[in-house]
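I'd like to ask you about the structure that follows.
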């Protein structure tokens, strides 16, 4: 039996996607022509390729879920899906994939959505080059752009997600690769990990989200070459790490965030070759962080480089460049001869009494910081970079 | 008044102090840009200089000029000229020439280093405006101090003390009170306390443009409203203007009542 091609258009014999799917056989292709299809709860229960020609609009008219994929080997390509129904009891999604393997979702445009792409207990799939534009206003009645729940071995590539609750959300999802996505203007997090291990995310951009990336309760996450920009606000972070162990954070750029990285209860993490530029706090350590190492990072013009709230330090700082380092290098080996103490007394004071932030950069604080730097009393005295670089690592 | 203003202005320029001041800023601007090569970084360093040095120089200059030109003032007082125009003329002469030195001294190197093309131009002009305000405020305050004290040593002492208080001690007391009363809601208090000191106010005004990401880190509705919108900027600018007017009014009042 040969795979056949079904043409779907408003004026054709097959004018409904739903009915055409029922008629089609496994491994057939549906070519959906340009037009508007007012359909929802479209069940894809056999391996099909559903391809849109000229971005046909699938309008759910706010009635409920739109595509539900329950079969393996399904490809959805080039559809424009709008008006997903908002529900407070069901997580309605534009595309929901349930327990299927080897699926591909690509070149889709999703607008006016609740949840965008929802992968449930699925694996070995690819979510590629989709554009998800939400209009979320409140956290309680908005959904996530791309959500992975108990899904593994999935690639999320080159998507653009904006205006949703969490741009990309992973829960209990292992071995997921997330690359070259742009996640911006989301209410909560650009990318959110919960109980997900061995995941990799690289070359993504996170801009102006509640927090860029929140990584929580996960192990062995690799984070490389991402850009975190302009995550501003009272509880806004470029990256929020909570209960993370054995991760690698390398080559990322943190620019103009209120807090570059907020670290809590995270151990054995390697921070290398990152750039922290113009953040309020480059790194804020809340507590219970042990055996982390910070090597070869650039700290440029942050209001505070490192903030610590305890006197105990078990983390290593070595070979970083600090723009506020004032030491000298007599032996000309490129490494400063005097250690640099990145924790200012002022950051300790601000931790205690947040209102004191209005004294930022005042002469009085500079004098106090200087005296604390000479003889540390309040800040951990072994917290120092003994080999600060003289020149910016390029 | 304009005549006296002109006289004071030319007098200062002739006395070479204006040149020294101008050259100092010129050198500072060039050195900063030479070492940093980055206009926005230089603006941050410059801020520290501006909020500490300008008040100091304004104060010392104001007191010095008043005491030095005392004899001339007495001569003028013998003429049929309004008192307020004599003192206003002198005040604007001093403050004007200091501001001119500042604006030219810092402006020239920055313009030469391509400020016009960089996006730091707004930060930089804000810096100069604040500097000008601070000059006017502190020259005014020092004139008031000088006119109230016949004794030069005392006058100098008070003027320097005023600077020391506003630049350093005030912040110390401010910080201490914040820490002592940390159990209470303090955001209103801290904003009001900032506004009450022109140096702190100018600092905040500049920080609103430079370190906004850190200022937004604190959770407080009032802070958020103040720092997060243009409201804070406008209020700070308005209060700075008020700070400039108050010493001038004080000077007029003192000058009108004083028995020479």
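Keep in mind that glycine also has a Cβ here, set from the backbone N, Cα and C atoms.
Quick paste of what TrEMBL says about this protein:
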TRANSMEM  B:20-36  transmembrane segment
TRANSMEM  B:42-67  transmembrane segment
TRANSMEM  B:88-112  transmembrane segment
TRANSMEM  B:124-147  transmembrane segment
TRANSMEM  B:159-181  transmembrane segment
TRANSMEM  B:201-219  transmembrane segment
TRANSMEM  B:231-251  transmembrane segment
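I would like each feature placed in context: is it buried or exposed, what are its neighbours, and how far apart are things?
For the transmembrane segment (B:20-36), the residues of the chain that approach it from at least six positions outside its boundaries are 42, 45-46, 49, 57, 98, 100-102, 104-106, 108-110, 113, judged by C-beta separation under 8 angstroms.
Listed by sequence, the residues of this chain that lie at least six past the ends of the transmembrane segment (B:88-112) yet keep a Cβ under 8 A from its Cβ atoms are 1-9, 11-13, 18-19, 21-26, 28-30, 32-33, 39, 42, 46, 54, 57-58, 61-62, 65-66, 69, 73, 124, 127-128, 131-132, 135-136, 139-140, 143, 248, 251-252.
Proximity of distant same-chain residues to the transmembrane segment (B:124-147), defined by a Cβ-Cβ separation under 8 Å and at least 6 residues beyond the stretch ends, is recorded for 39, 43, 46-47, 50-51, 54-55, 58-63, 66-67, 87, 90-91, 94-95, 98-99, 102-103, 106-107, 110, 115, 155, 158-159, 162-163, 198-199, 202, 205-206, 209, 240-241, 243-244, 246-248, 250-251, 254-255, 258.
If one looks beyond the transmembrane segment (B:159-181) by at least 6 residues along the same chain, the residues whose Cβ comes under 8 Å of a Cβ in the stretch are 51-52, 55-56, 59-60, 62-63, 138, 141-142, 145-146, 189-190, 193, 197-200.
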Looking only at residues six or more beyond either end of the transmembrane segment (B:231-251), which have a C-beta under 8 A from one in the stretch?
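Distant Cβ neighbours of the transmembrane segment (B:231-251) are 87-88, 91, 130, 133, 136-137, 140-141, 143-144, 147, 195, 198, 201-202, 204-205, 208, 225.
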Other than its close neighbours in sequence, what residues sit by the transmembrane segment (B:42-67), given a CB gap under 8 Å and a spacing of at least six beyond its ends?
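For the transmembrane segment (B:42-67), the list is 8, 12, 17, 21, 28-29, 32-33, 36, 90, 94-95, 98, 102, 106, 110, 120, 123-124, 127, 130-131, 134-143, 145-147, 152, 155-156, 159-160, 162-163, 166-167, 198-199, 202-203, 206, 210.
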